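Worksheet: the structure to be examined is printed underneath.
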Ligand code: NA
Ligand code: NA
């Protein structure tokens, strides 16, 4: 091979992101007659996401596929994706990510020493807890574990809940003993990390879209001939429908397994989702703009325009 | 050796203040969580802050640890060497340690510059992330200083070792 | 190339260089020889990456707490209570080490923290009771391994995450295997107690025992806060470590008046240096495990196993050997991340139960922590007890053998790992 790219990510090998990264690697190898090889390192073998993103800037590794939620420290603009109920459901999500809004997000990485190639939809977050989550009022006073993000903290504050920062590795035990009441994650993560074993209630609210950003090291990317760049870009775009289907299947399987395990699950209806959006969207957006400044406001404006046309 | 005395006092003070602050902050975060509500959310930064402080604690203690002969190593074979050979082995050790420490510190400097330029900041505190790599710069320089002082005979870290094992 | 680097490491090791140079210099050489195109600054990124984990924070805090308890009164009083209760049995204090490490290791989840805390408390007592230096050191280091098995255990959570195994089942299996390991050490202690002619204390009446407990009420607050805080869901294990430091400071300075400000500063300083000695090795371990990951060695081993058409027995032997070798050079958490993803699918294709495989893997990781040259717990014991590394290694090898014996039982009798999870979860 002429070009070898080490690509690191956090998910385990059975999960959608890894399965489709392997697929992309296969396509790229085939279409470049073996000139470009992708070596995929799953499960944080190359470090946690911060280290992998930094390593991609530095050239320690050639690429990473990172959840947008982990990228705010590198590029505050991308944290717009942390805002709850930002991305509409179904095909509209793909249209939004593919359009000017998505373009603007990808472009925003270029001045951060990264080439952002594509956005991969990777499921939506749900709430779980050991206290009932019957309605909006039920969140009040509960303690939820959050990722390091001022936007997500505001999201929980808007519901009157406490946002508690805990390391991911300690979350299972903390849910088990009751240090925190609940957490939010995509269904397949809740299933894979076995959080349902120590959670009594789950509400399928689909409140936060998880979007992966495909990031390459600029030096490596620029060293590629244009035809290979096209092959790679196309391969990442091409597998998206398959990725979405794979994810949907994993989510359904996870939901069934979680229900069978005895966790009390329910699906929030449209009215409840609208109420949740109403409560959380404003404060979370305000926190976003405070963090990302004018560039953030610009992205949010683009979003509003696009969102209108999708309705 | 006034300067070295001052340096030691600074190192010790920084370590003690850092460590006690880490304990206080972590305990404080338990208290805020017990109080609960959105009040607790305001202290989500503590976890990140303590993690960064721990990096500084670790690296800033490296030099003092060498001076006090605390670093671990397997010395039985060396102790059986004749005195003449031993003197040279010690010099090689000090020189290796000096070169290694200064080289790593220099690499860390490059990394700090790179990360500061990229504009990366920590997610909850908003601290420029380049800061965390200043810990190994300072730490390995302090370590290299001790190796250098030992090499040129300013401090004696080997007879201190004999005493501690006696 | 690899030969040159290994020889370099062995020469530095033999000449008694500081361990950070023994690991660090060859690692830099490997970077130059094998990864010339990798940016140099990556070295520092991986060094810092090796210790930039929230889950490691329990170690400095517990080291601090252990130093405080050891310098003041708490440790002595806690040991006094245990002596009053079982001091008359043969090898009493030796069993205390096993039981104490299991209890402390259970909650702290960290073997190095357990070595530090238990070591400061009971090492002087073991020596006073007539135990040999070797056995005292070896037992302290080895019995801390139960921390990774007895729940809660971050090691088992990491395994569960990598493989998608139920963590509750893993915890149930870990409890059984941890008890088996503890019992094996206890059996060895009983045998050695007879051999070494360890003294017995007098048997106390219940009145005297009650008085000993009452006298130690402030000291007993320590385990109550740690265990109670964690199991009641008030604090996480890492927070328990920090809270125990606050409690120890308050009790030692205000109640016992065993520490003044100067003493507190000294203990804080010593604990910081102690932490640094251990973490710098973990940091350099982060760099080494990065190179091991890039070399994709495990994939090569798998290919060999598949070519040899190995059955479950051969496979498990190969797993033991892989972990044993990896554990000699890289730190426990990295071993898991590097080896489990490629080995797990093979284990499944051979019909090995995921929980059983998890126990085999975790026990292997345990052994890795007490085998030289990179035995993290050996270094922790060396630096907290101020003992030469070679003394610890001499003391620990009988326990490595006991550990390997337990590993063989666990590996070839799946029932030991699976009985409890199957009873609880069907
Ligand atoms: Na444990
Ligand atoms: Na080892």
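Each residue, glycine too, has its Cβ placed from N, Cα and C.
Quantities reported herein were computed from a predicted structural model and do not represent experimental measurements.
If you look up TrEMBL, you'll see C:6-415 marked as domain 'TRAP C4-dicarboxylate transport system permease DctM subunit'.
What TrEMBL lists as transmembrane segment is C:47-68 (among others).
What TrEMBL lists as transmembrane segment is C:137-162 (among others).
Taken from TrEMBL, the feature transmembrane segment covers C:168-191 (among others). Remote same-chain residues near the transmembrane segment (C:168-191) are listed as 90-91, 94-95, 97-99, 101-102, 106, 139, 142-143, 145-146, 148-153, 156-157, 159-160, 355-356, 358-359, 362-363, 366, 398-399, 402-403, 405-406, 409-410, 416-421, 424-425 (criterion: CB distance under 8 Å, separation of at least six residues from the stretch ends).
Beyond the ends of the transmembrane segment (C:212-234), by six or more residues, the same chain brings 69, 73-75, 77-78, 80-81, 83-85, 103-104, 107, 152, 204, 240, 243-244, 247-248, 251, 255-256 to within a C-beta distance below 8 angstroms of the stretch. Residues or ranges marked as transmembrane segment in TrEMBL: C:212-234 (among others).
Sequence-remote contacts of a segment are chain residues at least 6 beyond its ends whose Cβ falls under 8 Å from one of its Cβ atoms, and for the transmembrane segment (C:240-259) they are 57-58, 61-62, 64-65, 68-69, 71-74, 107-108, 113, 218-219, 221-222, 225-226, 229-230, 267. Here TrEMBL flags C:240-259 (among others) as transmembrane segment.
Sequence-distant contacts of the transmembrane segment (C:271-297), counting only residues of its own chain at least 6 positions beyond either end whose CB sits under 8 Å from a CB of the stretch, comprise 19-20, 23-24, 27, 30-31, 34-35, 42-43, 46-51, 56, 59-60, 63-64, 67-68, 112, 116, 326, 329-331, 334-335, 337-338, 374, 376, 379-380, 383-384. Among the features that TrEMBL reports, transmembrane segment is placed at C:271-297 (among others).
Here TrEMBL flags C:309-329 (among others) as transmembrane segment. Away from its own ends, the transmembrane segment (C:309-329) comes close to residues 288, 292, 298, 301, 335, 338-339, 343, 346-347, 350-352, 360-361, 364-365, 367-369, 371-374, 407, 411-412 of its chain (Cβ-Cβ under 8 Å, at least six residues beyond either end).
Annotated transmembrane segment per TrEMBL: C:358-380 (among others), in sequence order.
Residues or ranges marked as transmembrane segment in TrEMBL: C:392-413 (among others). Sequence-distant contacts of the transmembrane segment (C:392-413) (same chain, six or more residues past either end, CB-CB distance under 8 Å): 133-139, 141-142, 145, 177, 180-181, 184-185, 188, 313, 316, 320, 359-360, 363-364, 366-367, 370-372, 375, 378, 381-382.
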